[in-house]
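Report on the following structure.
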Amino acid sequence: METQRKSSGDDGGGERGLLHLWQGYSCSVTPERLLLPRPVLQVALGTHHGLLLVEGGQVYSFGELPWKQSPILEQVKPLLENALSGQRVVAVAAGSFHCGAVTEDGGVHMWGDNGAGQCGLSGLSIVPNPTPVALLDSDSSAPQTVPVLELSCGGQHTLALSVQREVWAWGSGYQLGLSAAVFPVWKPQKVEHLAGRYVLQVACGSSHSLALVRCLGPNDVQRPPADKCGHCHQLLYTMTDKEDHVIISDSHYCPLGVELTEDEAKLEAPAPTQGLKTSPSEPVLPSYTSSAVPATPTQVTALSKDSEKGDTAIPNGVLHVSESEPTAQTKGGNGAPAGAKSSPYPDEQAVKDYLQKLSDHTVGVITSSADSVPLSTSPSSSSGSTLNNLVASCASAVGERVASTYEALSLKKMMNFYLPSGLSKSGVPVGLTGTVPTAVGDNTTERVRQEDSVQAKKSSSTGDIREEEAEGLRRRLSLPGLLSQVSPRLLRKAGRPRMRAVALTPLGGVAHEAQEVLPTLQTEVWSWGHGEHGQLGHRDNMARLQPLCIKSLTNKEVVRVAAGAHHSLAVTAQSQVYSWGSNSSGQLGHMETPSTVPRLAKLSDGIRVWDVSAGDRHTLLLADGDCIQPIIYYSGQQVKEGAEEKNVYVLVLQLGYVSAVFAGGRRCIALSDQNVMGFIASLHELAAAERKFYCKLCNMKMQIIRPLLELALGQVVLGLLQSLAGRFSLLCHLTGQHAASLTSNLRRGRDVNGLLILDHADIFLDSYNEYCSAVGHFQVMGGFHVLTKPSLDFFGKSPELLQRLAECTEENPAMADLLVAFFYLPTRHIHEYGRLLLKLATCFEVSSSDYQRLQDSCSKFEALALQLKKKRKDAEYTFHFWKSFPGKMTDSLRKPQRRLICESSNKALTLQNAGRFSVNWFILFNDALVHAQFSTHHVFPLATLWVEPIPEDNTGLYGLKVITPEETFTLLASSAMEKAKWLRSINQAVDQALNGVGQDTASISSGVGQKLEPPTSRTASYTFYKDGRLKEATYEGRWLNGKPNGRGVLKWPDGRIYTGLFKNGLEDGFGEFLSPNKTLNKNDHYQGYWKEGKMNGLGTYRYASGEVYDGSFQDGMRHGHGMLRTGKLNTSSPSVFIGQWLHDKKTGYGVFDDITKGEKYMGMWQEHQRQGTAVVVTQFGLYYEGAFKDNKMMGTGVLLSEDDTTYEGEFSDDWTLNGKGVLTMANGDYLEGSFNGEWGSGLKVTGSYFKPHLFETDKDKTRTVKLGRLCVCAEDKWQAVFEECWTQLGCEAPGQGENWKAWENIAVALTTSRRHIQDSPEVLSRSHSRTLESLEVIPQHVGPITLDRYHTIRLYLIKACDTPLHPLGRLVETLVAVYRMTYVGVGANRRLLPQAVNEIKSYLNRIFQIVRFLFPDLPEEGGLIPEPSTNLQDKREPGSTDAPLESPKPGRVVSSSALLLPVLLPRLYPPLFTLYALDKEKEDDVYWECVLRLNKQPDLALLAFLGVQQKFWPVSVPAEGEKQQVLSSTKDTCFASAVETLQQISTTFTPSDKLQVIQLTFEEITQVVQALLKQDFLWSMDDLFPVFLYVVLRARIRNLGSEVSLIEDLMDPCVQHGEHGIMFTTLKACYYQIQHEKIT
């Protein structure tokens, strides 16, 4: 038990721990007081000596102490053990002639007789003074000392209970429980048989040992059981193959006489692996293993255990049976145990061979897996059928492969253990996969219900009922088809559902916190050692070498055990005493001599025992009687000579408030406390009251509730009665645990801090609350009335028993009233708690914290008492209402949780505009408002009910408007008072329904409640019933005044689900929609924006077919700009369409990329058909531009192939010529006439062939076809994209709208998008967040534009285009996407370059229109901004070089390219430049060849070749800080800085930036020349051109032709004639010069 706490400070030294000592029993016995300087905390008595532990941790000895240096024959005055000074001792123990002490840190000290090694110190026969003994855990890698909680000493042995709750033993004899070959065992060793079990207490007799062990919970794991007798090494079970059956016989008899009898076979259990958490919640029968004399069969421990999952792994393969160390364990999960050596017994080999043969057979049938099926243990609380054990043994023999078969055959309810995860992971045999799961239950509630039926003899305890059920199976069983399939008959038997019955022992149902905090009642008593007097309790007199569970005490709720010399005692939570063993002097308290099985001691009624102790031949009991002080009973040896008669318990005496009794040798000792301030008395009273109440509850459960459950009742009532009984059981169990906890507090601490009821009051409050609700539910449903007749039949006409238990004082009460009183009885105990806590509180100073805690707890229980009284009243009120209510509706409206609040039978409330003869009755329950009419009724759940008073306005009508999701009606009250009453009642009921206190609410009709207005906006769930779009759909989420509003989830019965925002009852805002596609068996999935219940705005729709549409919707249809992707690249028809949609159809301009055909269509559509002008390019370089009709090339068109062969004329189908046309060859020859046939597969031609004359060349060059006339003009492309942007700004059409409104829309767009992003899991990058923050500042957009304001606007646009959350940014992002879609891949065709350039120019114009709408005072294209004053200009000038984005003279002309190209072009550059490079390929190749050739020359030679005047030739160049002479061989040094500058042209994007680079190059050249000539210098073009040509050559720019074209095409028009224009012309001239350079 828990270690000692210091007693409360408010008691003086002389008032606690008073000692009374006496010898045996005679009429004249008077206990003497032993006076000690400090209160005694604990006493231990040996045969002739004793130990006293006093406060402060000192130990005193008295009696005969022969082991001292100078032996003491009789120490009357207690002697202080000085060797222990400086150590704080917390527990002492005395054996027959040796002593032990445990210190605060868990250390053990032993002294006294060590002849049998009982002191754990080798080499000494006597230990005179306390000497430390270490318990070393050899299992861990480095041996660690194990701290100890308590000791127990016997005749020749000592047991220690470690902090880990494991038992250690040393000394001599069987009673150690160790498999030692040699005694004494000097060194403390762990009792492996109990390893991993949670041991609560140990006790030592003279030559036997007892342990109180917590039952295994459902999560604990078993080892595979042994399969051989530990003594004679014969198989415990023999298996015989008979066709497809294996017959297992367990008729083995062990000649050594220590073999277990058949009954016990089921009880011995190997422990589960160490360190597993055991749970007190469920008693479990362990599987079977035998005990052994010198050697044990190796026990294999299942080690791979993941405590979360509860899967067990059993080592693979066959277990080799061998003689080995008892602790041998297999590590890992397969292979045989370590340390095996061969065994001397002859039949061992045969066994091995047989097992090997068996397992070889098995391999073929059952797949094996290391992550195996858990070897389930039978969950019956007292005994599992032998079948289970047999199979388990086989399983361990044949190895883990058979484990799964065992699962199928474990006919007891294996559900509790069988974890579904175990099934799915392990290899289950083929024959089982289909069948096993039928028997699998996967949740606790199921477990409680399916718990073995309690439909058995009323008298028997749960354990016995289960035993009898198992009996039938136990007699004979062959194991069908261990190696083939399991017989279907057996599986049917296993899968057949039993009649459901509720368990009256709580299984896993206790609150988890309660399990951890309260002491467990689910215990087993294990015993081992010598049994000649029957003191082991196993129904025989045989010795046991290893701990064995005493079957008859399992489930008896033993909370304490004690061992005399040759007898044993156990006290249960119900305050009964079981005794067994030697009864030579009547020490057992009953007449059985000797008793080999635990029997109840005979005590008169109403005596409740709570502490026991046993001496050599006597027993002491401490019990509650009728008086407040505890009474001591004595049984056993008498002191008077010659009067050796047997005594059943004799009342000895009352010695005040005794907290514990101790017996040993022939002495008896009682410890008592003085009742200072009434504190001790109150503690005793509290504990006694709880013990009495627990006994009462157990009686009620056994004598009334069990029989009631067995009556034949209807399904509903039985279900409610079962849940009521379950709640009763939980309450009963909690009371028992609390009683045990109070008892141990009395025995040890006796302080207020040990009271669980203070720290964990909630556990008690909740249990009572739930119990009271269960009684209320039963009562409301008329359960007590239904029970009346069967109860009368059962309890007879004179229900005295029931009357006595219900504490009913009336004369001849009605049966129903009796039952009500009986079931409400436990709730009375709450007053008792309140009273006793208050009584305890009065023992303390009012200012102390203890007083406060007790006072608080007391008021909690008082409040609960009031609440429960209220609940009872409500239940009765509701029950009487149902009695008077018309029968038909009762059935559908009467629900267990439903309580009546008020109703309008007195016509207090009527429906407005009701017919004259209609009946309208309104009933308000705690969860719904019911409108009952003549034959029908309607239920309105309160969570979705809104009520508001209608102002009276002199109409004289007292109206209430009631709003529900699908109906709104007006109720008229008969008076203002009635109106106020109903309004308050409904509001309060709604409020409580929303707060989830539905069934625990007070009825409001009494209504002193404050006026409560439930929130109009709330979260609730509702299923629609009226016809319409939402019929039978369920909505769960936010509501506002009867309409879904806010975030919610809407589910239709056909599987459609919408998750997202609602507004005014319709989907509105961002949402996700799933719609199952029955034919494809997949879902359509939409994610995007909604408006008024339809998809509207941007969204992504993933079709079940695999198509994905990403774009705009309107009225639930694809409408606006969008992209449709079909198929993956490897499926049938992967294609991408991006463009305009109209009412779900492709209509308008769009680009269609057909990846399988390798064609790209860019043109007009109408209703999914290609219709209008268009351009088509293919991956083979064909180019078509022209008309389409009915999805085909039809009409006039131009077709060019890669080698410039051109056809211009009529078409009738794709790539099919039909009609007049002209075919021009690449060399200029052409055919004119009528053509027919498909391009590339032979054309039929009727016409003339022309070959232009050589001298006509100039004229005829005009034949080249002008492209671009028959394609969609740039302004008509992507109109939908721009329209969307305008719409977002709030304009009907481009430019038509209010400027201020547009800015408002921008602000809204930014904030909502930002909020939406904050909700989403993706995290914004820091820079993105910063951009968004800076965009929140709106630049001044009205008033004259100055240069400064122009720069602000420019920066704002750059930022706006950086984030897709801004309408402009979204526009740019979409344009970039469509541009790339058009001109990347197949679209990278050189003939598309003019269109690509025009498209960019069109973008600029159209975006510029939007910018001017936002900033109306910005001058139009080419307009001027007035020059600022000069000093400002100077300031700006130096900065212009730092910001390469600025156009050369930003202060002058406003143009779309200057403002917007810097934003747009970098994003569009890759596809555009690729087109330029393709277009200029030939020219660039010629140019490059020339560059490479000319660059072979050294600098001076090249300068000379290019005709640069000598005076411009650099004489020396700066190199590494010093001048270096230019020699004739020098290369790549002249004008190096200018060359480097020019090379940067390839790293810039916009024409203005590229022009800036050219300008800087000129400046660099000028600087070099000025340094040469040492004077200012003005260039003439003739001088400059050769030098610049040199720089261009040396710069080696690969695609110079493309760069030049790009600048030319996109240059700002206002720059063409300025300085930049001239410089550009120079560069262009250089390019042509190099191309045509003749090398001479």
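Our numbering is plain: 1 for the first residue shown, then up by one each step along the chain.
Glycine is no exception: its Cβ is also placed from the backbone N, Cα and C atoms.
All TrEMBL annotations are machine predictions without curation.
Here TrEMBL flags 57-105 (among others) as repeat 'RCC1'.
With DSSP states grouped into helix (H, G, I), strand (E, B) and coil, the repeat 'RCC1' (106-164) comes out at 0 helix, 30 strand, 29 coil. Summarising the annotation, TrEMBL assigns repeat 'RCC1' to 106-164 (among others).
The annotation repeat 'RCC1' is assigned in TrEMBL to 165-215 (among others).
The region 'Disordered' annotation in TrEMBL covers 269-346 (among others).
Annotation comment: TrEMBL describes 275-304 as compositional bias 'Polar residues'.
Annotation comment: TrEMBL describes 442-472 (among others) as region 'Disordered'.
Per TrEMBL, compositional bias 'Basic and acidic residues' is recorded for 444-455.
Under DSSP, the residues of the repeat 'RCC1' (523-574) split into helix, strand and coil as follows: 3 helix, 25 strand, 24 coil. Look at TrEMBL and you will find 523-574 (among others) tagged as repeat 'RCC1'.
Under the heading repeat 'RCC1', TrEMBL lists 575-625 (among others). Averaged across the repeat 'RCC1' (575-625), pLDDT for the predicted model comes to 90.
For 683-871, the entry in TrEMBL reads domain 'DH'.
Taken from TrEMBL, the feature region 'Disordered' covers 1425-1451 (among others).
Annotation comment: TrEMBL describes 1496-1640 as domain 'VPS9'.
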Next item on the list: Count up the helix, strand and coil residues in the domain 'VPS9' (1496-1640) according to DSSP, in that order.
Entry: 91 helix, 8 strand, 46 coil
Check: Of the residues in the repeat 'RCC1' (57-105), how many are helix, strand and coil by DSSP?
Finding: 3 helix, 29 strand, 17 coil
Notebook entry, point to check: Under the DSSP assignment, what numbers of helix, strand and coil residues are found in the repeat 'RCC1' (165-215)?
Noted result: 6 helix, 24 strand, 21 coil
Next item on the list: Take the repeat 'RCC1' (575-625) and count its residues per DSSP category (helix H/G/I, strand E/B, coil), listing them in that order.
Entry: 0 helix, 25 strand, 26 coil
